[in-house]
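Pulled from TrEMBL:
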- 1-19: compositional bias 'Low complexity' (COMPBIAS)
- 1-29: region 'Disordered' (REGION)
- 25-152: domain 'ALOG' (DOMAIN)
Amino acid sequence: MKPATSGSCRPDPSPSSSSAPPPSRYESQKRRDWNTFLQYLRNHKPPLTLTRCSGVHVIEFLKYLDQFGKTKVHVTTCFFFGHSDPASPCACPHKQAWGSLDSLIGRLRAAYDEYGGRSDPNPFAARAVGVYLREVKDNQGKARGITYQKYRRKPTVRLDVD
Ligand SMILES: [Zn+2]
């Protein structure tokens, strides 16, 4: 039995009362995102390995994900640009919401440190990625995309992958 050392505020690791900060849901989501990214690298043309991956490729990956997005982002020339509730359909593309991308990058940055990163700089922490995310946030804030998830639980997304 050792008394708590002064200066150290680390609590005793008691399994019952510890408020485990990282929930397992986050961990599994992180794992899934990481696998998605690795799969993206495997399918990349020309082939790309993790060690050769830079912020440019991370941005490419984020743009690639837009095709699965559910947030309508009006282009500046669209009649509904700036409206959150368009009265009729328009041809503007669906994209990933900024908030989703932002938290995705957070998870991938952590995953890279855990699973992949050697001594290389973390591509998910690259300055270009931060700049890109800020642009997305800015654009989506202006366009006021609406989330179609609200209306339809299962959007009919066709994936012609093979
Ligand atoms: Zn539109």
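The backbone N, Cα and C atoms fix where each Cβ goes, and this holds for glycine too.
Not measured: the values here are computed from a predicted model.
Here the domain 'ALOG' (25-152) has, by DSSP, the following mix of helix, strand and coil residues: 78 helix, 5 strand, 45 coil. Summarising model confidence by region, the domain 'ALOG' (25-152) averages a pLDDT of 88.
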